[in-house]
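First the structure, in the form of structure tokens, and then the observations on it.
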């Protein structure tokens, strides 16, 4: 009887630990200077072009010109 209770208790403890690890791993965030995305957020700062930074720099590039 004691063996059965111990086995069940151990089994329930393993299930609880696996659930805890799942929550921790799915809600983790990434520090500055690492890769980020919509589903992998930054801990602090913003996700700019796939990288965690404090602020997003303005994007410079070619602008379309209207031709008449």
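Note that Cβ sites are derived from N, Cα and C of the backbone, with glycine treated the same way.
The annotation signal peptide is assigned in Swiss-Prot to 1-26 on the grounds of similarity to another entry.
The annotation disulfide bond is assigned in Swiss-Prot to 29-43 (among others) on the grounds of similarity to another entry. Cβ neighbour count for residue 29 (disulfide bond) (all protein chains, 10 Å cutoff from its Cβ): 12. DSSP assigns residue 29 (disulfide bond) to coil in the three-state reduction, placing it in neither a helix nor a strand.
Taken from Swiss-Prot, the feature disulfide bond covers 36-48 (among others). Within 10 Å of the Cβ of residue 48 (disulfide bond) there are 15 other Cβ atoms, across all protein chains.
What Swiss-Prot records for 42-52 (among others) is disulfide bond. A sphere of 10 angstroms centred on the C-beta of residue 52 (disulfide bond) encloses 21 other C-beta atoms.
Every protein chain shown contributes to the tally, and the Cβ of residue 56 (disulfide bond) ends up with 12 other Cβ atoms within 10 Å. Taken from Swiss-Prot, the feature disulfide bond covers 47-56 (among others), and the record attributes it to similarity to another entry.
Feature annotation from Swiss-Prot assigns phenylalanine amide to 60.
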(request) Please report how many Å separate the Cα atom of residue 43 (disulfide bond) from that of residue 56 (disulfide bond), as a whole number. (result) 15
(message) Please give me the CB contact count at 10 A for residue 43 (disulfide bond), counting all chains in the structure.
(response) 12
(request) Express the distance between the Cα positions of residue 42 (disulfide bond) and residue 29 (disulfide bond) as a whole number of Å. (result) 5
